[in-house]
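Colleague: Copied straight from TrEMBL:
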- 48-73: transmembrane segment (TRANSMEM)
- 85-103: transmembrane segment (TRANSMEM)
- 115-136: transmembrane segment (TRANSMEM)
- 148-167: transmembrane segment (TRANSMEM)
- 174-192: transmembrane segment (TRANSMEM)
- 207-232: transmembrane segment (TRANSMEM)
- 244-264: transmembrane segment (TRANSMEM)
- 284-307: transmembrane segment (TRANSMEM)
- 314-336: transmembrane segment (TRANSMEM)
- 342-361: transmembrane segment (TRANSMEM)
Amino acid sequence: MTDNNNNGAANASSGDVQIQIPAAPKAEGAATQDAESGSSEAKNWRRWFIVAVDILFLIVGQTSASLLGRYYYSQGGNSKWMSTFMQTAGFPILFFGLFFFPSKSSSGQSDESPIAKTALVYIVLGLIIAADDMMYNSGLHYLPVSTYSLICASQLAFSVVFSYVLNSQKLSGLIFNSVILLTLSDLLVGVSEEPYDESAGVSRGKYLLGVVLTLGASCTYSLILSLMQLAFENVIKERTYSAVLNMQIYTSLVATFVSIIGLFASGEWKSLKHEMDMFKSGQFSYLMTLVWSSVSWQMASLGMVGLIFEVSSLFSNVIGTSAIPIIPFFGVMIFHDKMNNGVKIIAMLVSVWGFVSYVYHHYLEDRKARKASS
Ligand SMILES: Nc1nc2[nH]cnc2c(=O)[nH]1
């Protein structure tokens, strides 16, 4: 699988799995240099396997996190900063991952990352992630789900622009086809949701604020993905999977710190005890919702960062976006939402079409690169 200039290759050594990406941006098809070695087929399969696991993590994590977030609000949860906190606070569980994928940077090889620059990358990205999470949660707070989903559909368009400008992403007809279909499918999700309930009591000012924040979150999220790809290519020199874990751990650490400051500075922390006591399904359910929501967000983010590392920021966003139409189906089952004349099914089918179009683009690129290297 190749995507633009960030071509990864799985490298199996002494039983563990390492993902390799070239230190500097290379032309399309550079990953196939690996194919020159005898074990290229095995490496290729191994890499496909890791990409598949990342996709699974992103889809399962994103779907469960979204549903748990909705459950939190439906049961009486009301804190925007708590929602923001949950999106990153589960990062300590990723330290277990470092046992399986340890950093190899003490070998004295030339692939050691410059510590100061790497730390700066983690801090800057962590701050932007905190801002994005806050805008993302505020949007959901102020807007009806339908309007929110419609605005979130702009995310992929932002991603095309950022990945073209920052990551020199090559844009093919199939990619445009995929982006248009996935955006259309998200728009269909938006129109299939319940229309705005005037009685919800959100003022016009807050409604407009919600629109601006949601648009800001869509733009910022796409920027984060492209900046991460840029950082992997230019600053983080480590070529093992621990680079993915470290990126996720340290950016989450910074973002969690910011959300704790937000919780205290906004005074929202004072209402948390009351929120827990008044949670409709009980205190234990409240704690479990927070815990599993945090775990789900970590799972989703790990898949998201893994896909950026192994393929590209645009690919990562395409996978995340193509999974959005799955969420309303669970909404029908769990929250007894309406099916709305099959619009949700059409959204799902359009999304699958968009996804297949993108994967087919990769298949063609991969084949072209293999031919060129043989
Ligand atoms: N803006 C935005 N923020 C996120 N944080 C986690 N997922 C998302 C997403 O899809 N969009």
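Placed from the backbone N, Cα and C atoms, the Cβ positions cover glycine too.
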Colleague: For the transmembrane segment (284-307), which stretch among 85-103, 115-136, 207-232, 314-336 has the most Cβ pairs under 8 A?
Modeller: 85-103
Colleague: Counting only pairs 6 or more apart in sequence, are there at least 3 Cβ pairs under 8 Å between the transmembrane segment (314-336) and the transmembrane segment (148-167)?
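Modeller: Contact between the transmembrane segment (314-336) and the transmembrane segment (148-167): present.
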Colleague: Short question: most Cβ pairs under 8 Å with the transmembrane segment (207-232), which of 85-103, 115-136, 148-167, 174-192, 342-361?
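Modeller: Looking only at 85-103, 115-136, 148-167, 174-192, 342-361, the most contacts with the transmembrane segment (207-232) come from 148-167.
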Colleague: Given the transmembrane segment (115-136), which of the listed stretches 48-73, 85-103, 342-361 has the most Cβ pairs that are under 8 Å apart from it?
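Modeller: Most Cβ pairs under 8 Å with the transmembrane segment (115-136) come from 85-103.
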